[in-house]
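Colleague: Can you read through this structure? Questions will come right after.
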Amino acid sequence: MVKIDYKKCGYCGACVGVCEKLAINLIEHIIVIDEKKCNNCKLCTIVCPLNALEGE
């Protein structure tokens, strides 16, 4: 599962736009991952300019 390092996150939304399963949402300046929708493809970890997302 992908985890967010909120200390690194700039809340730019790059991960939201790339998620094919619509599992990532930007809600009031907080990135939220719906674990039920996430298929662990890790595209979000690739596009994050601040390396705030890590896949397990």
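Cβ atoms here come from the backbone N, Cα and C positions, even for glycine.
Features from Swiss-Prot:
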{"type": "DOMAIN", "residues": "2-28", "note": "domain '4Fe-4S ferredoxin-type 1'"}
{"type": "BINDING", "residues": "CYS9, CYS12, CYS15, CYS48", "note": "[4Fe-4S] cluster 1 binding site"}
{"type": "BINDING", "residues": "CYS19, CYS38, CYS41, CYS44", "note": "[4Fe-4S] cluster 2 binding site"}
{"type": "DOMAIN", "residues": "29-56", "note": "domain '4Fe-4S ferredoxin-type 2'"}
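Neighbours and distances for these, please.
Modeller: Same-chain neighbours of the domain '4Fe-4S ferredoxin-type 1' (2-28): 34-56, counting only residues six or more beyond its ends whose CB sits under 8 Å from a CB of the stretch.
Just so you know, the Cβ of CYS9 ([4Fe-4S] cluster 1 binding site) picks up 17 other Cβ atoms within 10 Å once every protein chain is counted. Classification of CYS9 ([4Fe-4S] cluster 1 binding site) by DSSP places it in coil, neither helical nor stranded.
If you take the C-beta of CYS41 ([4Fe-4S] cluster 2 binding site) and look for same-chain residues 6 or more apart in sequence within under 8 angstroms, you find GLU20, LYS21. In this structure, CYS41 ([4Fe-4S] cluster 2 binding site) belongs to neither helix nor strand by DSSP; it is coil.
Beyond its flanks by at least six residues, the domain '4Fe-4S ferredoxin-type 2' (29-56) meets 1-6, 8-12, 14-23 of its own chain at Cβ-Cβ distances under 8 Å.
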Colleague: I need the CA-to-CA distance for CYS38 ([4Fe-4S] cluster 2 binding site) versus CYS15 ([4Fe-4S] cluster 1 binding site), whole Å please.
Modeller: 12
Colleague: For the [4Fe-4S] cluster 1 site given as CYS9, CYS12, CYS15, CYS48, which other residues of the same chain have their Cβ within 8 Å of the site's Cβ centre?
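Modeller: Output for this site, in sequence order: ILE4, GLY10, TYR11, GLY13, ALA14, ILE31, CYS44, VAL47, PRO49, LEU50, ALA52, LEU53.
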